[in-house]
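K.L.:
Pulled these features from TrEMBL for this protein:
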- 77-198: domain 'CUB' (DOMAIN)
- 208-351: domain 'MAM' (DOMAIN)
- 1-20: signal peptide (SIGNAL)
Amino acid sequence: MQSILKAVLMAVLVAPRLEGFNNDLMLANLLLCNAHCKGSSRPKCENGGFVDHNCECFCPPSLKGDLCQTVETSSACGGIVYVSESKVTEIKTPNWPSPYPAGTKCTWLIKAPADMLVKLTADDLDLPYNSLNRCYHWMEVRYNLIGQLGVKICGEIKGKTWTTTPYGESNLMMVRLDAKFAEDKDAGKGFSISATTAPKPIVEDKSKICTFEPPSDGCFFEGDGNWFVGEDKSPSDYGPSFAYRGQFYAYVDGNNGEDAAKMTYKAPSTMEYCLSFAYYLSGGDLKIHSEDANYFYELWTAQGDQGDGWQKAKVDINAKKDDLIFIIAETGSDYTSDIAVDDIVLKEGVC
Ligand SMILES: [Ca+2]
């Protein structure tokens, strides 16, 4: 199987138009390996959830339910808030403006219609922090990718706003109060925030995507021979148990030793780009570099075992025409350090 996968990846990443290569036969072999979880048995996960290897929804943190349709929160606060155009919904912490109870944790999922953005304003916020400006209790705002940790806000704030962007989960925002982490610290007033919609600008979607799902016309990143296509559970047992999205992903086997595997893309024009991707790291380093005629630039790095799960990352890349953009996987000396990527998206504009 591995040799087939390697051959397919070579075809997909390195030479997608290789003459004489029987793509159809290879893709048929791959599809035979993935006959389950299709059609009506495939759940339609909501709120940023995706289908895992058991054909069940894998939910972003703080969401649960068969389709990720429910919020995990205490009974005193939180829930799903639907906002619509020209309507402002106020969200307040328990007892506002008196202090919230010790140890309170609340989660609100704010949903706008699919063609709208969510706009949030902190009308009044008072949450305790220390002399180093570290938050004892905080409000966390997650948006665009609600599975990814958001900004933590504390102190005394009035009037600050957040708006989702047209990319990603543009009509979803998650707001959390965490007064549990430092439960022994005195509570502040909490927060009173208002949520509403904002118009979604019409954007021409100039994005490039690699999901490694067949049938594929190839990936815009060119991979060297150290990348394989994996499906469901990785052959080595040290990689992911399932793809981040769909059923296939690209990976580098930890058995490669310290060799680096590289995917390369040449910027077609001088432009600001946003590179987003899902990655799985059980050791070694994953790096995003760019290179012009004179220098190379280290733009982003993740190091070491990140646990059993996919992470998401976004990297702003300011590239000139013909600059090279690299995704570099260095598996290190430990044979367990498999590295996988999926859902690589390059969009014009900042992240
Ligand atoms: Ca995929």
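Glycine residues also receive a Cβ, built from the backbone N, Cα and C atoms like all the rest.
Unlike curated records, TrEMBL annotations are generated automatically.
Remember, predicted model here, so these are calculated numbers, not experimental data.
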K.L.:
Per DSSP, how many helix, strand and coil residues does the domain 'CUB' (77-198) have?
P.N.:
0 helix, 65 strand, 57 coil
K.L.:
On the 0 to 100 scale, where does the mean pLDDT of the domain 'CUB' (77-198) fall?
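P.N.:
Summarising the domain 'CUB' (77-198) by its mean pLDDT gives 93.
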K.L.:
Please spell out the DSSP helix, strand and coil residue counts for the domain 'MAM' (208-351).
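P.N.:
Summed over the domain 'MAM' (208-351), the classes give 3 helix, 78 strand, 63 coil.
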